[in-house]
């Protein structure tokens, strides 16, 4: 009968895992391109004969481009759907990779900048997609898993970006040889990025033939008015608890961006010639961070203690940063591995906590809006801290630069203590449960 027919309509598509894997892959490729210069900052400084600050800008371009373009792209995702955003994101990612192949001479640094700016445009089309892919393609029992897998791709790309460039590009004297080593990396990335773009054209569908969940089935194509998006942002900006979280999230994530960008410079300063190990330390930060993110996500699902968990993880990030600051110069690389691992565990572990806490505080606004604002805050602080710490390192040494990040995290910890745990999403679930 009719009931049976309606039940048959909610169905999971086998294609959902292919779509997720494909997204994770080109997201990985894009975040690899973000950090591929910074992870061997000193090598590129010598090759292009530019300042360390210029190479830092190759990383900061990703943060800068995101700020003005986040909202237009989020609006486009609402209006035009997943497939178009996926096509544009993977196309720009491949295009940027090909442009970089035209920058293999020391005087062609501007071409490198252009390639990196194209890749940073791609990133805007990538960062907002995980939660949308999860809700459009996956069943209610696997949404969170799908979302975290989509985010994992991005983290893995950063890990690869720390690990691979120092191995592929040894710091050799001869500029010709150096150009050859760099070209190998650029060709590999361009090949992978192009293959992924072609796969997106073939495989990536707008949505599955049948909705994967009741919730998705009930979201009919109701048109969202443009003004609702702007109004939603304005409503959030008037909410004191969310504003506090937005600033504290930005302080924490901004520190993480600065640390990732400047890591090679810090390690090489204290441990000359250890490019490969500097990359491995970056890898350690990211991998322990992925474990941290996973554990903190599971912990939140189990306990729902949003404020307490966020505060504890924030305090631990601060502790980790202080320990890292004072042990970096001791002369033992293994100590740096351990402290950097701790730091990554708590700093990256904080990121999903921030998103989830925000979703609680801002219910029933769309998660896309709240996470978008958190991201913008992170990018703004990321640029400020990267420039600030970089300048302090140049003039007063690495310890002074790291002390800046310590004081920032201390400030963030104090502010986090003042956020009221006004858990609106929990409240709504409880009220629905009682009725």
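Each residue, glycine too, has its Cβ placed from N, Cα and C.
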219-237, 333-351 - the range that TrEMBL marks as transmembrane segment: 333-351
TrEMBL annotation of transmembrane segment - which of the ranges 242-260, 261-279 it falls on: 242-260
Candidate ranges 355-371, 372-388 [criterion: TrEMBL lists as transmembrane segment]: 372-388
Paired segments the transmembrane segment (180-204) and the transmembrane segment (400-419) in contact, 3+ CB pairs under 8 A: no
Stretch-level contact, the transmembrane segment (242-260) and the transmembrane segment (107-128), CB cutoff 8 A, at least 3 pairs: no
Per Cβ pairs under 8 Å, the stretch of 84-101, 311-327, 333-351, 372-388, 400-419 packing most closely against the transmembrane segment (280-299): 333-351
Candidate ranges 17-37, 57-77, 311-327 - greatest C-beta contact count to the transmembrane segment (372-388) (under 8 angstroms): 57-77
